[in-house]
Amino acid sequence: MDSRPNIIFVLVDDHASKAISCYGAGINHTPNIDRLAIEGMLFKHCYVTNSICTPSRATILTGTHNHVNGVMTLDDTMVGKWHLGEGSAHEPSGFDYWSVLPGQGDYWDPEFIEPDGHKLNRGYVTDIITDKSLAWIERRDKRRPFFLMCHHKAPHRSWECDDKHKHLYSDPIRVPATYNDDYKNRAKAASVAKMRVAEDLTYQDLGLVQPDGGESVGTRVAQESGSSQRKIPTDYKRLKLIDKDTGEIFRFESETALSTFKFQRYMQRYLRTIQSIDDNVGRILQYLDEKALAENTIVIYSSDQGFFLGEHGWFDKQFMFFISLLTLSTGAWAAAICKLQTPGFDTENGVIDENCCAAMTVIFARGTIELGNVGTFAGPPFFSELRSQLGSTGVLVQGVDYPASVIGLLSDGGDGGPTMKSLIQQARSQCPDTKIIASGYSQGAEVVHNALSDSSIASLVSGAILFGDPDTKKSVGALPDDRVQRFCVHGDIICETGILIVDASHLSYFFYAKQAAAAAIDLSGV
């Protein structure tokens, strides 16, 4: 029996890293993809060389830049989206088995091209690609290691989810801070690009009935499939939109209301499509567990590029912006990857789990109603920067497990203070030489105030890092002011006035992650 590991490479299309929960954006939940990061590795600095489908895929296959590459051969199996040319001359070669979608393929009842011709498959494309992948693993030559490329169509435009996911993400999703970018400080291409959420999405994109008619219905969009799709007009006064599934009618009182509607529909349809990918990653992992293959199989999950989710007002990719060039990557190999502490999630338990001591220990209290014990808005980006500068073993993080309820916010932090005090004492007892930083976001900042009101506790910490502090004008307990670093975004009503009104500014503290990390290192002397 060959002892070399098996490899499963799951590649998806246009999956933005912020649409995976382990990357900390907090807009959706992908537990099965997260499992790869929990049991393996999470890559936060993975970039493509060209953020557009075919060039990116050619680079992934060949390991060369686009000015030199051609589509070269690989061994074993290719299932799903190919998108490296049309016609028999561009079909996969060098694979033991392949079954690929023509062009972009269809979400429902897709046709696949195989060595012996075209075959129609009934059902939802993400399920079918996984079915084909698992069926091939089951019938493979079990004496040899395998390399399976499981390439999904989703979540490529236009977004069509499985029926079972149509109820998801009905609550409003926060709008990016740059959604209304005026492009004044950017090149002309930024303002003329036909990828604006407010102007360029089609009826099909948003699951709406497209009326019969010509330009009065909307500007025609040339699609790869040749179908006649039209953009939704921006004239809100005469517009009546109808939901394809329910028949619900939508009318609008302002241009802003229409733009916001388009953003929310876009995000709902995009995230619902991703949920099926996560389900099917779970199917693959469950199969590997059941067949005792997990210990010797490397599973990698990635995307052909990033994607704009309303940043700068855009959908799509293509530009050389951080968001479109940054792709996601996570992977697990149970037999070889040794986990120290899982970074980048909404829960951190470095002290409670009694991990080995680190130069710095951060005790962090999340904001109101955030998930886990460190949330997603301010904590994880801050920890990521600390780990980048101090190394993954140079810092331990422990979240404060407290209710973080609205009632607590109204009562100056609720009952998180005693819990933080206890954790600070435990951290000092376990690791006498570690430098402790007390930190919190929003209501969590109030928890820091309360915990450090005890001078015996304040004496155990090197400093405090506070984000969006409602009590920004007060001293932080018994801690001297020169050992406190506060970050308060201009326009954040909670931080500037203490009035409990949440706006976009209060949700943008991830921008201060690098400055906060530098301040923590300076305060601690690490």
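If you go along the chain as it appears here, the first residue is 1 and each next one adds 1.
Using the three backbone atoms N, Cα and C, a Cβ is placed for every residue, glycine included.
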* Cys431 pairs with which of Cys356, Cys357, Cys495 in a disulfide, per TrEMBL? -> Cys357
* Could you tally the C-beta atoms, other than its own, that fall within 10 angstroms of the C-beta of Cys431 (disulfide bond)? => 21
* Taking Cys357, Cys488, Cys495 as the disulfide-bonded residues to compare, which has the smallest set of other Cβ atoms within 10 Å? -> Cys357
* Asked: So how many other Cβ atoms are close to Asp492 (active site), meaning within 10 Å of its Cβ?
  -> 25
* Structure fact -> Checking the active-site residues Ser442, His506 for other Cβ atoms within 10 Å of each Cβ, the smallest tally belongs to His506
* Measuring Cα to Cα, tell me the gap between Cys357 (disulfide bond) and Ser442 (active site, nucleophile) in whole angstrom. => 28
* Cα-proximity to Cys495 (disulfide bond), 10 Å cut-off, over recorded positions Cys431, Ser442, His506 -> Ser442, His506
